[in-house]
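K.L.:
Would you mind keeping the following structure in view while I ask a few things?
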Amino acid sequence: MSIPPSELHHKPQHDPLRRVPASKPPFTLSQIKKSIPPHCFNRSIPRSFSYLVFDLFIAFAFYHLSTTYIPLLPSPLNHLAWPLYWLCQGCVLTGVWVIAHECGHHAFSDHQWLDDTVGFILHSSLLVPYFSWKYSHRRHHSNTGSLERDEVFVPKPKSRKYDRFASHYDPYGPIYNDRERLQIFVSDVGVFAVAYALYRLAMALGLAWVVKVYGVPLLIVNGFLVLITYLQHTHPALPHYDSSEWDWLRGALATVDRDYGILNKVFHSITDTHVAHHLFPTMPHYHAMEATKAIKPILGEYYQFDGTSVYKAMWREARECVYVERDEGSKEKGVFWYKNEF
């Protein structure tokens, strides 16, 4: 069931900068789940693979066009065509990254081994250590909104310090436990294997070829990932909590859905259904729109959507969301809000 974003997120007289409630919600996760049609939690192997195959087909088509036809274009058209390819390919590969992200959440199929195999191959091809990311991202989902335990875009003044240097590539780093270390090593092997393949390609076809065809689109993928994650968890209306106030449900609700236009489809709705994703991360992306519409009535003011253009939102959040502090005189001592005045 496809629901137009304009219908899904239409809120008459809605002020996206109005703070969401920071108090404990009057509903439970179980009540939210009951409001969602049961089929939204079904994972279909054919349907999941259909999105992946389509993305890979488009990526290969862009690759073929770039390597076959752009070199034939006269100057300066060929110089204009390469940036267009980089942007388009970067967007498509971001969608591939999102599917690998779903595999890490066990949302691709009912089989963990299949999810891990697909996710490992896809993320490794994008130089992402799959299992390393999977486990660190799981900790983000478990601690969203916590100033002391979250792993992603934790605002000042709080940040989590480790006893030693933390890296996604270090199997013995403080991010991971003993049961996860072997898989972190496997992730490293996957990344290094792809890096070696790129090295061999550079030796055969030239470094410039690898940079133009693969390197720049990969930079765009990572740029989008930083942008998307930043805007999902950084907003003037969203609270953060210390240990005296934080609980999982309030933390999961401390995120915002945004509208990226046509890129919502390209990015498999990770942008405009992120609230539902944080509540139910094993739900496939192709059911997330329907689930979002179903949970909005029960979430009420706890649901946050901001239709501000991405460019304006980037600028506003960079200016307004500098650090967090408690409201002066507030009874909620463990609730922090973004401020920009020193």
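Note that Cβ sites are derived from N, Cα and C of the backbone, with glycine treated the same way.
Below are the features I grabbed from TrEMBL:
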REGION    1-21  region 'Disordered'
COMPBIAS  7-18  compositional bias 'Basic and acidic residues'
DOMAIN    21-61  domain 'Fatty acid desaturase N-terminal'
TRANSMEM  51-72  transmembrane segment
DOMAIN    81-304  domain 'Fatty acid desaturase'
TRANSMEM  84-101  transmembrane segment
TRANSMEM  182-199  transmembrane segment
TRANSMEM  211-231  transmembrane segment
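A description of the local structural setting of each listed feature is requested, covering burial, neighbours and distances.
P.N.:
For the domain 'Fatty acid desaturase N-terminal' (21-61), the mean pLDDT of the prediction comes to 96.
If you look at the transmembrane segment (182-199), the same-chain residues 6 or more away from its ends with a CB under 8 A from one of its CBs are 120-121, 123-125, 127-133, 135, 168-171, 173, 176, 210, 214.
Through the fold, the transmembrane segment (211-231) approaches residues 63, 66-67, 82, 85-87, 89-91, 93-94, 97, 126-127, 152-153, 198, 256, 258, 267, 270-271, 310, 313-314, 317 of its own chain, all at least 6 residues removed from its boundaries and within a Cβ separation under 8 Å.
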K.L.:
For the transmembrane segment (84-101), find every same-chain residue at least 6 residues outside the stretch whose CB is under 8 Å from a CB in it, and list them.
P.N.:
48, 51-52, 55-56, 58-59, 62-63, 65-66, 70, 108, 118-119, 122-123, 126, 128, 130, 137, 212, 216-221, 223-225, 263, 266-268, 270, 285
